[in-house]
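To start, the structure itself, in C-alpha cells.
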Ligand code: TYM
C-alpha cells in the first residue's frame with residue numbers, strides 16, 4: 001500500500017485554510033493509503049513558544065485531527081517528537097543540504113524578514129521537513145500551495161542521497177488540491193489566510209463559534225461589483241469566498257456561480273456562513289467530546305508506537321548505507 005505523510009504545526013489556532021488545504025484531504029486519503037499524520041512540535045519550536053501554550057495547542061491540534069475525521073484505527077496520529085527518528089534523519093539530511101538551498105526558501109525569507117535575530121532552527125526547518133517525509137519513504141504528501149517549495153527540496157535531497165549512497169528513497173509527490181490550495185485572508189485577498197495574522201477577523205478558526213463565523217463572513221471584504229463570479233485576477237476577494245463555499249459544500253465552483261447568478265453579495269455571504277457552520281459545528285462537537293474523554297493521549301501513544309517501527313527501519317537502512325556502525 002502506498003504511503004502518505006503530512007503534518008500541521010501546533011502553533012496558534014488552526015484555520016479554515018489549514019482545513020481546506022490539508023486536513024480535509026488527509027481524511028479523504030486515509031481510505032486508500034497507509035497514512036501518518038502528525039502534529040509537528042519540533043517545527044513549532046523554531047520560533048519561541050510558551051511551554052503551557054505549546055502543550056495545550058499540541059493536544060488541541062491532535063484532537064482536531066480526529067474531530068475532522070481522521071480515524072486513528074486506520075491512520076497513525078501522533079506527535080512528531082514522540083518519533084525520535086525524525087530528528088535523527090533531520091540531522092543527517094541537514095548535512096546533505098546546502099546553505100544556498102535554504103536561503104532560497106521563500107517561507108524562511110518571509111518569516112525572517114525584518115527580524116534582528118533569526119534562530120538557526122528556522123533556517124534548517126526544511127531539512128527536518130524532508131526527514132519527516134523520507135523517514136517513511138512516503139509516496140504522497142498532502143499540503144497547501146505554500147509548502148510546494150519544501151516538497152521540491154525534499155525531492156532534491158532524496159535524489160542526492162540516492163546518487164551518493166545508492167537508490168533508496170522514493171521521490172515523494174505533493175498532493176496539492178486544484179481548488180483550495182491557497183485560501184486567502186478575509187480582509188485582504190493578497191495574503192494567505194493564516195493563524196498568525198494579528199487580526200482575528202482575517203481568518204476563520206476551526207473553533208470559532210457559529211456567531212463569530214457569521215460575523216467574520218459578513219464583514220469579509222468583497223468588491224464594488226455585484227456579480228458572484230470566479231475570477232482571481234479581477235475579483236480575488238469574491239473568488240476566495242466562492243472557493244470556500246465550494247470546498248465546504250461539495251458544489252463545484254461553476255455550480256456556486258450558477259446558484260448565485262443575478263444575486264448580490266448579501267445573500268451569497270449569508271448562505272456561505274451557514275455552509276461553513278454546517279461543516280464546523282459537528283467538527284467542534286466531536287472535538288469537545290474527544291478533549292473531555294482524555295482519549296487523545298492513548299491515540300497519540302498508539303500512533304507513535306506504530307510510526308516508530310516504520311521509521312526505525314528506514315533510519316537504520318540510511319545509516320548503514322552511509323557507513324555508520326550499527
Ligand atoms: P502549517 O502548520 O503552516 O500548515 C498546515 C497545512 O495547512 C496548509 N495551509 C493552507 N492551505 C490552504 N490555504 C491556506 N491559507 C493555508 N494555510 C496553511 C499548509 O500548506 C499545510 O499543508 N511545514 C509545515 C508542516 C510540516 C509538514 C511536514 C507538512 C512539517 N513537516 C511534512 C507536510 C509534510 C507547516 O508549517 O504547515
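Even glycines carry a Cβ here, placed using N, Cα and C.
A helical conformation is recorded for residue 18 (ATP binding site) in the three-state DSSP classification. The Cβ of residue 18 (ATP binding site) has 25 other Cβ atoms within 10 Å, all protein chains considered. If you look up TrEMBL, you'll see 9, 10, 11, 17, 18, 144, 145, 146, 183, 192, 193, 194, 195, 196 marked as ATP binding site.
The motif ''HIGH' region' annotation in TrEMBL covers 10-18. When Cβ-Cβ distances below 8 Å are used as the criterion, the motif ''HIGH' region' (10-18) is approached by residues 39-41, 44, 47, 49, 54, 57-58, 60-61, 64, 144, 182-183, 192-196, 203-207, 244, 276, 280 of the same chain, each at least six residues removed from its ends.
Shown in sequence order, 5, 7, 38, 40, 80, 86, 90 are the residues of the chain, 6+ apart in sequence, with a C-beta less than 8 angstroms from the C-beta of residue 132 (L-tryptophan binding site). Taken from TrEMBL, the feature L-tryptophan binding site covers 132.
Within the model, the motif ''KMSKS' region' (192-196) shows a mean pLDDT value of 92, rounded to a whole number. Taken from TrEMBL, the feature motif ''KMSKS' region' applies to 192-196.
Set side by side, the binding-site residues 11, 145, 183 differ in how many other CB atoms lie within 10 angstroms of their CB, and the most is found at 183. Counting Cβ atoms from all protein chains shown, residue 195 (ATP binding site) has 18 others lying within 10 Å of its own Cβ.
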